[in-house]
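Engineer: Quick one: the structure is below, and I'll ask about it shortly.
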């Protein structure tokens, strides 16, 4: 017998058909949802609840059961029965009925679906237009169920046929989902009209317009209106193609219109947009156009027996020919206008406007817009209640307008304030106004009320007050009271305290400053001296006005004492640094020889020098040494009277060879340059002394605020030149310092070395025992010693063996034996074991408390 050839209608037995047979899928459409899932972020792997509408024969449910997480809820329904599938709930129902909705709610309880899929299609074969519309209705019903059961951020996948309702469906999808895309997977046949729409990120609106899910409203055919004649007239430069075709019966595509029809018609723009040419011929009434009602409405027009229109002007009757002659004699009827009327399709906006103005003039000439005579409008008088209501409504409207203006003004002010903040324009603009108390602003209305506008126009400089009774001259206006000295001092104190607080907050944030404060251990609180005024009975109570004045006077008297105390405290804090331990003696020795140098010191430094001399004497007496005030007279180091923030020499506090000499280290480019010049002989002691006297050395900063002094010391200082050799030397020094390992690394290396030495000692002892063993030959002894040497050289491995922990879930759930891909020791764990271990620890903790 010959082999039976099976028909391959529409290529059904293609590559995907054979793959579906091999993999056990019920239909080749399984690959469609697989490819869509891979293209759009694998949404099935993240879905706990999946609904498949029109699921027969169940191929999409098969894919969902394989890709969704374990213990996921998968529900499939169709109008035809579906064979049972593992881990899938199936039932038979029509998705357009309430029974399907009730069944879904019964299975899902209070859950929400993460993904809703729809791959249904109606029975086709009758008519293509009817089949496409039925498919669109089916898609809308599936969307209705998806909107009801989908969770926020869910996904909806549906099949749609390409038809005229496609755009309507896409618009509805976009109302419910943030992202809507149409795709055609490779497994879908090219001859098929199906496409798949993937809707991502469901919005879950609280209120849904029922019309969006109504097929009558969504697929309603909207009648196309007239052509956009306004665009043709007012924007004729833009040419639009006629994709909709042409009107029925219009074979020549060249429309002509009588000028009288254009003048009398109420839609002139439509006439200009649809007409090609206007003629000077009388218009004729078509058959069936005239009726009795129209005759009654148009009293100003009359028709003769032939049907031509007759115009009644000033009790005289004119025909179409007469009306055309009257219109042609208008001044606006120019030769240019006549040429424009011959071809309207080539005109621009300017020409169309001229034609419309000419039409209005013609209507006025023919008295078409003239109101009917004898018709008077009677105004009804309003009673008292109506007048009150009208007045109240007007007041309400005015109040609304006022509130609207006020709201607009506030919004504008807020916008300006936001703009000022964005541009960092944070300086208060009202300071000048408050200082002058609004009197420095010139107001033209106030000047007009005072009657002094003429004097201002003549150039007289005077000030106009609000009342007009006071006349302030320029000299008096310039004498402005800016406050007393006490207020200025209070402002300075406030600024000083704010700056001190700023420095404290800034220093508290840096770790270096914390370490410096711990090392220095110096009190930073300033002492402003003791006032002579007696704080007696009213120290705890409130002060009166007289007491405040007296306190202000006392503060002024004690101002010099407070300054002296502050200066003394600052000097003590400055010279308490260990840097001056050796330098004080030099200053004391030079005091007798150079008394002027001692005067350069800050107030309070003299007392500090005497204190240091006493310390030196005590130290010399304790160690049995002789101390002389002129011992350090020839010291090469010169003290600078000006305190600088950025010192070139860093004094390291730590262990040193002598208790009297600090440990000095060179850490800056300028310090290294100075040391290099001293070492090479480029400079000497006397030149350094001369360089110490410069324009920054004799600045008088007494009485100036601290923030100003800090700013001066930061910017106004001597910039000493540096050399390339000094920079390279400093870089090499820092490189050497950075190359040194830290203390912990050195300790670890030392411990490692000690362990190696101990192992070496042990090996020596074992080697001696081996050599002393007479029962062994020399070869055996050499082999044993070699083994010991290799063992010593071999790095020690950790004896702890690794154990692989495998979770007994997912693909390893219920597995017998070793899991796939696991080598070595392993341990199976699951949630129950974790709970048991937690319970054991809890019981031990309770037993320990008892």
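From the backbone N, Cα and C atoms, a Cβ is placed for every residue, glycine too.
Swiss-Prot lists 159 with the feature active site, proton acceptor, giving sequence analysis as the kind of evidence. Look at Swiss-Prot and you will find 58, 60, 78, 94, 119 tagged as S-adenosyl-L-methionine binding site, backed by sequence analysis. Residues annotated as coiled coil in Swiss-Prot, with sequence analysis given as evidence: 397-425, 746-773. Residues or ranges marked as compositional bias 'Polar residues' by Swiss-Prot: 273-282. If you look up Swiss-Prot, you'll see 388-400 marked as compositional bias 'Basic and acidic residues'. Among the features that Swiss-Prot reports, compositional bias 'Basic residues' is placed at 401-411, 840-850. According to Swiss-Prot, the feature compositional bias 'Acidic residues' maps to 537-561, 628-638. The region 'Disordered' annotation in Swiss-Prot covers 273-305, 388-414, 529-569, 620-646, 811-850.
Are these features on the surface or tucked inside, and what touches them?
Structural biologist: Residue 159 (active site, proton acceptor) carries a strand DSSP state (E or B).
Its Cβ placed at the centre, residue 58 (S-adenosyl-L-methionine binding site) has 23 other Cβ atoms within 10 Å.
With a cut-off of 8 Å between Cβ atoms, none of the residues of this chain six or more beyond the coiled coil (397-425) come close.
Listed by sequence, the residues of this chain that lie at least six past the ends of the coiled coil (746-773) yet keep a Cβ under 8 A from its Cβ atoms are 781, 784-785, 788-789, 792.
Taking DSSP states H, G and I as helix and E and B as strand, the compositional bias 'Polar residues' (273-282) has 2 helix, 3 strand, 5 coil.
Residue counts for the compositional bias 'Basic residues' (840-850) under DSSP (helix as H, G, I; strand as E, B; rest coil) come to 10 helix, 0 strand, 1 coil.
With DSSP classes pooled into helix, strand and coil, the tally for the region 'Disordered' (388-414) is 27 helix, 0 strand, 0 coil.
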Engineer: Between the binding-site residues 58, 60, 78, 94, which lies closest to residue 159 (active site, proton acceptor), Cα to Cα?
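Structural biologist: So, spelling it out, the nearest of the binding-site residues is 60.
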Engineer: Mind computing the max CA-CA distance among 58, 60, 78, 94, 119, which the record assigns to S-adenosyl-L-methionine binding, rounded to whole Å?
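Structural biologist: Of all Cα pairs among the recorded S-adenosyl-L-methionine binders, the widest measures 18 Å.
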Engineer: On the 0 to 100 pLDDT scale, where does the coiled coil (397-425) sit on average?
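Structural biologist: On average, pLDDT over the coiled coil (397-425) sits at 88.
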